[in-house]
Amino acid sequence: MKKIEGGICAVKGVTANGIKLGKMGITVIRAEGPAAGVFTKNKVTAAPVVLSKGVIETQHQLSAIIANSGNANAFTGDDGFLDAMEMASALSESLDLEPDTVAVASTGVIGRRLDVSWIREHLPEVLEGLGSSPECSLAAAKAIMTTDKALKEVAVELDCGVRIGAIAKGSGMIEPNMGTMLCFAYTDALVPADVLDAALRIAVDKTFNMVVVDGDTSTNDMVLFTSTCKSGIKPCMECLDEFEDALIYLFTDLAKKMARDGEGATKLIEARVTGAKTYEDARLAVKAIVRSPLVKSAIFGKDPNWGRVVAAAGYSGAELEQERLSLSFSAGGETVELVKSGEISRVSDLALLNKIMANEEIIITLDFGMGKESATAWGCDLTYDYVRINAEYTT
């Protein structure tokens, strides 16, 4: 497997484009084939999520996606669902597609009626620029950004020649479950919808569902995975393993980009729990660590306050014994051990510890010393800017 340029447009059979005008944006991706999706588990579910989930569950295929930024079309009642349907109809009419094979996604402010007339007005401009160049993938990724500071796209080519590419957005209201983000992934492998669905659920659970920026789960999250089947390559059993691994690699890359791009963030936190009795124990603890406002604040302040880490693990619901815990902080290939088998370690190199805490990417490793299961999660520090951004979001 190798990383390649081009984002989703590196995949045969995918054309895309997007425009961004102020806070409003439109993305269109044209690619036809079997498809799978996972969606937010927030019980306050946005209209486009309801529509797109219905498309996936009934058709198991997609012909296109239309997405807008600037308005979530959430908590908008029947009018909101009609607006989502109108978005699908506008695209299907323009491209001569069946409307029940078009997925719709929205991101932005909750509780405000979507201006569909604005979308209809600017849709022709988007469609005129549909293409398969790397620039088209970038334009599509840019148009769905809200408070994101960085574009999020990635593509790989497997040894068998199959390609997978994805774009995503997300920087705030992020604790996927599924959620808080949008991701559109494509492959040219000759695979049916059930294979896509199985690979997607495994990959999402290990990656996007392990990201915490602020602990809030959005109303609009979705990940859609479509195969154009254009490579003509049907992966063998061995290649299917590589296919799943490649999807996990792609989503891990995007998940880390989301965490690093968290609203106001200055540092990426990677937390690892090892030596747990069960995977669920490791998962509970590691997500509690990256979710903890006290841990996140300490990382922002370059404060090696490791007590907050063990406290978060302790209240997470995971089974652990404090006399078995070992804890270290790492960055740039260097590590400082802070706790060993329940005993506080004497840190002789304070300069190294300070150097680690000043790094932009910090790894926290907590070993339970009880088993062989492990889990990894990603988050970011909690800064003054996070409060400012969200205090001023609608005002």
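Including glycine, each Cβ sits where the backbone N, Cα and C put it.
Annotated features in Swiss-Prot:
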ACT_SITE  THR180  active site, nucleophile
BINDING   THR146, LYS169, THR180, GLU263, ASN390, THR395  substrate binding site
Q: Could you find out if DSSP has GLU263 (substrate binding site) as helix, strand or coil?
A: coil
Q | Three-class DSSP secondary structure - ASN390 (substrate binding site) | A | helix
Q: Using a 10 Å cut-off, grab the number of neighbouring Cβ atoms around the Cβ of GLU263 (substrate binding site), all chains included.
A: 24
(Q) For a quick check of packing: other C-beta atoms within 10 Å of the C-beta of LYS169 (substrate binding site), how many? (A) 28
Q. Since the record lists THR146, ASN390 as binding-site residues, which of them has the fewest other Cβ atoms within 10 Å of its Cβ?
A. ASN390
Q. DSSP on THR146 (substrate binding site), three-state: which is it?
A. coil
Q) For LYS169 (substrate binding site), what is the secondary structure by DSSP, using just helix, strand and coil? A) strand
